[in-house]
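Student: The structure is given below, and queries will be raised subsequently.
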Amino acid sequence: MADSAELKQMVMSLRVSELQVLLGYAGRNKHGRKHELLTKALHLLKAGCSPAVQMKIKELYRRRFPQKIMTPADLSIPNVHSSPMPPTLSPSTIPQLTYDGHPASSPLLPVSLLGPKHELELPHLTSALHPVHPDIKLQKLPFYDLLDELIKPTSLASDNSQRFRETCFAFALTPQQVQQISSSMDISGTKCDFTVQVQLRFCLSETSCPQEDHFPPNLCVKVNTKPCSLPGYLPPTKNGVEPKRPSRPINITSLVRLSTTVPNTIVVSWTAEIGRTYSMAVYLVKQLSSTVLLQRLRAKGIRNPDHSRALIKEKLTADPDSEIATTSLRVSLLCPLGKMRLTIPCRALTCSHLQCFDATLYIQMNEKKPTWVCPVCDKKAPYEHLIIDGLFMEILKYCTDCDEIQFKEDGSWAPMRSKKEVQEVTASYNGVDGCLSSTLEHQVASHNQSSNKNKKVEVIDLTIDSSSDEEEEEPPAKRTCPSLSPTSPLSNKGILSLPHQASPVSRTPSLPAVDTSYINTSLIQDYRHPFHMTPMPYDLQGLDFFPFLSGDNQHYNTSLLAAAAAAVSDDQDLLHSSRFFPYTSSQMFLDQLSAGGSTSLPATNGSSSGSNSSLVSSNSLRESHGHGVASRSSADTASIFGIIPDIISLD
């Protein structure tokens, strides 16, 4: 009962943030005002909470009200330099006290050397809620060799109950350490660099495994009252998310006093997080280059090729329960990082794939930005787990003209060549294979011709370069319409051929024959003057010009038209259609009238007007062209000039 009352009193003294942590830990709703959160926490306690929740309440209460191990009266120092030191701060006890009030494993400088500022800060020391030197180990950095520990991993702790906290540390250098740092100075560049460095690192206070570098939130570091530059903030991935710094070791060598008599102080300020504690450590390290790491990797030796062959056989072993079996594996000899041929093929022991990457490029990239992630499977591939594959070293030695290989079930390998390379190799043997294939083709063709002449057998030569199939074939010759072929006679389809009489479909009344005795034959001969004109262009021969003409009936001089049609030679085949171009003044359209054969113009009449129309018989045109006006009969002349008074458009 007393225990529950004590827990209730602890819950009543918690703040909003601590109540939210408690309710969230218990799986309850943690939203609301303080009195609502307090009511929920009391109901949780009244309902009988688990021992884990009770421990959480006590932990939150201890953080809320830390117990003091020293009081200001105990650590009052009226004048360190003039008055005797109190018994509690005797010289024998000072070396075991650090600035956060915890015993230290390494002796530190007396308090009088810290100055009056830190003497006034001594009363505000924290309690022993966290171990000063917990069993914390930080991950080993491949590019740094550890020379010494200046400050062992120590928890960041402060008696300040506020969110922003601050604590101070101090360390001193030995003469040997000062000499190591001074002798490693490199002033060749614009900056003064040191290969032996003083390195500050932060991590989480966890002992389960070696810890990675992890900065506390809102970290600020001052070394000897000078601000220390930290890595820049990373851009947030989402809106409203607080930006964070990339956690890396901090080089504070340029801010350290290289002296054996003057100590170095480090003031760390950060923002406290509920449920998380941090630790810091200071090391003396030596920086290494990628060349040194590559030499060390080679010194480890090359892995036996049989290990890789066993892995290949394991991957290609058929699973009896699976319907799909892998029969081969294709692996590239190009590095996935630089897309260049591998020189030192390596991969991590933790990787399950066979694909390797180049060790030189991998180490150089991590020297600029240490991530140590496998470029093939995106898993962690630390330097300590890298191995050089002996099987790939053999492949690179014997396969110099190929960038891809294929592993088989027995662990053997074969180069994978492109189609063009394979075709070039097979083309060199076409001298023998071509003769055999041509002989075989000839024998098959002769045998089929003797047995069945009507049946053709197509023999395909597989040794011919396939690139010829990809070439564009010449388009087949365009077929000429039989009705428009120059050698074929013009079709009479859709054309009405009439003798020397009036058309039965003509709407004009029959006219009596005109006496042509009074017409002088020399006059007609004048109209037979040949027109020497160039033929009509081919691209204009099939065009229909009637839509561009007006729909009214157009009358032309029939005598001139008939004479022009009779004068055109028979070898001009420019009129490919049965339409009549109603132009008399243009030489282009007069050429269209030179169509040969027995075709006739279709009978037409005006659609809108009531004018009379008639047809021109091609027979009369043929007679007038083939023989002459002098040999014509009077009836022929009358049929041309008397019966057909005018010609109208089809449209």
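Quick reminder: no glycine exception, Cβ is built from N, Cα and C everywhere.
Dumping what Swiss-Prot says about this protein:
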- LYS40: SUMO2 cross-link (CROSSLNK)
- LYS46: SUMO2 cross-link (CROSSLNK)
- LYS137: SUMO2 cross-link (CROSSLNK)
- LYS238: SUMO2 cross-link (CROSSLNK)
- LYS453: SUMO2 cross-link (CROSSLNK)
- LYS493: SUMO2 cross-link (CROSSLNK)
- 11-45: domain 'SAP' (DOMAIN)
- SER467: phosphoserine (MOD_RES)
- SER468: phosphoserine (MOD_RES)
- SER483: phosphoserine (MOD_RES)
- SER485: phosphoserine (MOD_RES)
- THR487: phosphothreonine (MOD_RES)
- SER488: phosphoserine (MOD_RES)
- SER491: phosphoserine (MOD_RES)
- SER503: phosphoserine (MOD_RES)
- SER510: phosphoserine (MOD_RES)
- SER522: phosphoserine (MOD_RES)
- 465-511: region 'Disordered' (REGION)
- 520-615: region '4 X 4 AA repeats of N-T-S-L' (REGION)
- 600-630: region 'Disordered' (REGION)
- 612-615: repeat '4' (REPEAT)
- 56-64: motif 'Nuclear localization signal' (MOTIF)
- 368-380: motif 'Nuclear localization signal' (MOTIF)
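Show me how these features fit into the structure around them.
Tutor: Sequence-distant neighbours of LYS40 (SUMO2 cross-link): residues of the same chain at least 6 apart with a C-beta under 8 Å from its C-beta are LEU19, LEU23, ARG28, ASN29, GLY32.
LYS46 (SUMO2 cross-link) falls within a helical segment according to DSSP. All chains included, 10 other C-beta atoms sit within 10 angstroms of the C-beta of LYS46 (SUMO2 cross-link).
Under DSSP, LYS137 (SUMO2 cross-link) is assigned to coil, being neither helix nor strand in the three-state scheme. LYS137 (SUMO2 cross-link) counts 13 other C-beta atoms within 10 Å of its own C-beta, drawing on all protein chains shown.
The Cβ of LYS238 (SUMO2 cross-link) has no same-chain neighbour under 8 Å that is 6 or more residues away in sequence.
As a whole-number mean, the pLDDT of the domain 'SAP' (11-45) in this prediction is 85.
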Student: Other than its close neighbours in sequence, what residues sit by the motif 'Nuclear localization signal' (56-64), given a CB gap under 8 Å and a spacing of at least six beyond its ends?
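Tutor: That would be 7, 10-11, 13-15, 18, 21-22, 25-26, 45, 49, 129, 161, 274.
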Student: Under DSSP, is LYS40 (SUMO2 cross-link) part of a helix or a strand, or is it coil?
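Tutor: In three-state terms, LYS40 (SUMO2 cross-link) counts as helix.
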Student: Taking the Cα atoms as reference points, how far is LYS46 (SUMO2 cross-link) from LYS137 (SUMO2 cross-link) in Å?
Tutor: 42
